[in-house]
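**Q** Before I ask anything, let me first share the structure, which is written out below as structure tokens.
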Amino acid sequence: INISVFPPSNACIGRYILNMQITSCGHTYQRCLGDFYVLFNPWCADDPVYVDNQAHREEYVLNEHGILYEGVHKHITSRPWHFGQFEDGILDICLKILDMGASYHHGSDRDHCWRNDPVHVSMVVNHMISSHTTNSIMKIPENNDYLKGTKPFSWNGSVPILQQWYNGRCRPVRYGYCGSLASVMCTVMRCLGIPSRVVTNFCFPCSIENPLGINEIFDCTGKNVCGKDKLWRYHCWNESWMARRDLNQCCGDWQCLDPTPLETGRGSACSGPTWVRSIREGELDLDYDGHHMFSRVNSSYVGWLSQNDTLKTKFFCDAWPCGQRLITKSIGSEQFEDITGAYKYELGSVKNKEAFYRAYRRIHPGYCNASNCHIERELSSLKNPFLSDSGINMRLKMANCPMYGEDVQLHWLLENLRSENKTLKFNLCAQIITYSGCPMDQFWKDSVNVTLGPREVKKIPLCISYSQYGPYLCDHNIMKVVAVSDPECGEVLMVSRDIVINRPPVIVKLLSQPRLKVPCTAEISFCNPLQEDMKNCVMTLEGCGLFKEPMTIDLGTLASNQQARTIVEFTPYRLGSHRLLANFGCHKF
């Protein structure tokens, strides 16, 4: 007997058991024919996650390989990630996540009625990634302390994280960061049939007091003083495609889901789903957490000089707006796609201003009847004055693209816009900054007297040696260079630059043609570029369809300029396009 099952498009997703009942000669027999899984179906036009483009379905549902974008908006770096949604056992783990998060809906899961709605399913998954009190999938280290767990940046894919959570009796995996959280969520959503992708937002504000403003405070040396607000250099979240029946949408569109718990003033919480188009239009009443998502791409930056506990002065500086750039992996390509226009209109355009005024009135109820001019005056009073208003233009320009172990070379460009001489004293410093905006060690300071003639342009070279920054960089490969004028000279000017230090590359070379169930070899090589030994060197290899579990190789100590070569053997166990990932770690990073 051939049996075909056609679940309706509104069936609840999950694992079903198929029983056959036979009545013969007055006797009834039951036989279990097996079990089957019902998932969301982006190929079905009646399904709320339907996507009408095959290339989009292949990228956002079927593709197991992704790319995470990090760094800063002027220097974007990337690293590959294995989603692994089709690996053995991952579907059962994803359904276990729904079981563990069931209490998120009405305190029970007796009727499972919410499991046919991708909106509610996405809310449960979003909550379970890192916000559940006891059984969340992954934790973020507090105060950057991850000695009791795995380094957040050492993960290559979602599969080991999900397996460790499942095999560890659903206890949180230690530790992750926003990129791994968003990627694990993307794996779960794709596994359940919901098209999803990871998005990176550069210049991401995290403010408790003012939802549309972010304050950074510096002392007179240029050191970033840790305050309540944080300006994340980048932040990753998830987008999922679905038709929002709760918003009367008849067609699918991208919905923003942020699984990273962030401080909102009422405790830490994840965000979403939020319709991306409602963020762009400033229609914040339509959706879950709309005001949080809007502020994360539209907040204003304000820089302050703290001269004592009570006196703070605004800098003359050219501040970058928050939500500077939003990108995701392109369809069928290793390049990124800029999707900033999906979240906000072009800065300064009429539509951009209209959306901002609309959102401002909803975020600040006291301005619900205020005119646009009134709101604009209020916003202008909060912003930093431009450098050009002081008669000086400045910027820091990179002279090289430094690799770990190389000196950092910059050009400090100054221009006098006035017809009289300018003499200023500047304090310069460099400081390690985490990706989440936490200021770390200040490792370099200097003072420079600058004299500019009328309309003169001057270029001053700056050099920060590896011996100065190397002992402090650790896992945080971002530093901030700041130049601040002495307050005694009058107006306080400030220019800054975030600098990314690139990691040394790991080279992977296949030595034989990969074939299904036939042993294959590859050569993994890494060279120590430092003028010192690298200790506790470890290479971690991973690949969906290539390794059942990550392979760890202990390399010990690598001397200066020593090259480590390792031959590994693996047997591809699944057809398809596969990627071998190699991650290097040592006592330095």
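Here the Cβ of each residue, glycine as well, is placed from N, Cα and C on the backbone.
The domain 'Transglutaminase-like' annotation in TrEMBL covers 170-261. Residues annotated as active site in TrEMBL: Cys178, His235, Asp258.
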**Q** Determine how many residues of the domain 'Transglutaminase-like' (170-261) DSSP places in helix, in strand and in coil.
**A** 17 helix, 43 strand, 32 coil
**Q** Near Asp258 (active site), which residues of its chain come within a Cβ-Cβ distance under 8 Å, counting only those 6 or more away in sequence?
**A** Asn126, Ala182, Trp237, Asn238, Cys270, Ser271, Gly272, Met293
**Q** Measure from the CA atom of His235 (active site) to the CA atom of Cys178 (active site) and give the result in Å, rounded to a whole number.
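**A** Checking the Cα atoms of Cys178 (active site) and His235 (active site) gives a distance of 6 Å.
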**Q** CB neighbours of His235 (active site) within 10 A?
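**A** A count of 26.
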**Q** Tally every other Cβ atom lying within 10 Å of the Cβ atom of Cys178 (active site).
**A** 27
